[in-house]
């Protein structure tokens with residue numbers, strides 16, 4: 001990481017004149033910059049394989065000089081030495097957990113595919129819309145499992161020149177596709193259900209419906225057990241130095257999401273089983289299209305929340321569990337920080353957040369300390385994965401600028 005405080009007069013359009021920028025720096029800042037640069041060069045090649053490096057550069061902004069640093073790593077500790085060993089251990093453990101999660105999801109996807117085929121056949125044979133609706137819902141979940149597997153694999157792919165953030169939003173686009181397919185299937189089944197209610201002339205094979213629904217309950221229980229026990233129990237990660245975090249359930253986020261899907265399918269299969277019992281013992285065939293309506297409403301409510309999350313991710317909205325005023329207050333409390341503006345928090349993917357901020361400093365002498373403190377605060381207290389901290393001399397005009405502060409009052 002390299003920090004430089006650059007005066008406006010030192011900025012030039014041509015890159016060959018950038019060497020004049022250091023002449024306007026205080027001596028202590030120049031010395032600190034040189035020492036940090038040399039320490040960066042000492043990072044071992046072994047460590048680089050498991051570490052994204054921060055970098056810094058200066059540029060002009062509204063007539064005053066400033067610098068900023070990017071932090072894309074997953075650990076605040078240096079990769080070299082003892083901290084590097086812990087950091088490498090954390091990444092290896094995360095990789096192994098991802099591999100286990102991928103195998104479990106493939107197993108559940110295979111079970112789902114087998115049962116979906118059986119359920120569509122059984123639903124067609126029994127002339128049951130409720131079973132067809134359940135099969136459609138499970139098809140959506142199968143797509144979700146495949147998307148989760150795709151997301152795990154994409155997470156291992158490196159970023160490219162075109163995709164500088166990597167493939168973090170592949171999961172978001174996949175989820176959007178899954179929801180659209182589910183809505184189309186549900187709409188078709190609702191139209192058929194309306195026709196059956198209006199005409200009230202349809203037969204349902206209650207025995208086939210009962211058997212299919214019973215098998216559906218059994219399949220969902222088996223898939224739930226596979227997801228629950230397939231990835232192991234207690235998991236943990238070690239940070240550099242003295243930090244030690246635990247994830248007691250030891251489950252990948254995609255596996256937890258898949259487990260929620262399966263629980264929803266189990267509830268729906270139980271509902272189909274109840275409808276089959278009603279038809280079997282009372283002969284009231286309207287229970288089938290009515291059950292279809294109820295499941296369609298459930299599908300709508302569950303997918304609307306997913307679509308809302310997708311919308312906010314694509315719009316780069318601040319995640320709902322963050323309060324920008326709390327973040328600003330915490331940064332303002334740092335020693336030497338006179339102002340905080342251009343504060344942004346947004347989602348790169350479903351579970352990865354990025355952050356950027358401008359810090360106006362009382363004195364440039366603590367620039368490096370302020371950057372380090374801000375990065376540590378944001379990553380440890382707020383759990384942000386990608387942080388960009390930009391520092392600049394305090395200017396009352398900038399601090400009171402409505403444009404710079406508009407996100408605070410919006």
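Using N, Cα and C of the backbone, Cβ positions are placed for all residues, glycine too.
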Report task. State the residue range annotated as transmembrane segment by Swiss-Prot; the candidates are 151-171, 172-192, 235-255. Result -> 172-192
**Report entry** The annotated transmembrane segment range in Swiss-Prot, which must be one of 46-66, 67-87, 130-150
**Finding:** 130-150
Report task. Please state if residue 129 and residue 204 fall on one side of the membrane according to Swiss-Prot. Result -> yes
Query raised in the report: Swiss-Prot tags one of 20-40, 209-229 as transmembrane segment - which one?
Result: 209-229
Query raised in the report: Of 104-124, 314-334, which span is tagged transmembrane segment by Swiss-Prot?
Result: 104-124
Report summary line: Ranking 104-124, 130-150, 209-229, 259-279 by Cβ pairs under 8 Å to the transmembrane segment (172-192) puts first 130-150
**Report entry** Remote residues contacting the topological domain 'Extracellular' (125-129) - C-beta distance under 8 A, at least 6 residues beyond either end
**Finding:** 189, 192-193, 196, 202-206, 208-209, 212, 272, 276, 288-289, 291-292
Report task. Go through the chain and flag residues at least 6 beyond the ends of the transmembrane segment (259-279) whose CB is under 8 A from any CB in it; none is fine as an answer. Result -> 108, 128, 130-131, 134, 137-138, 141, 144-145, 204, 206, 209-210, 212-214, 216-217, 219-221, 223-224, 227-228, 251, 285, 287-288, 290-291, 294-295, 298, 302
Report summary line: DSSP composition of the topological domain 'Cytoplasmic' (151-171), residue counts helix/strand/coil, works out to 7 helix, 0 strand, 14 coil
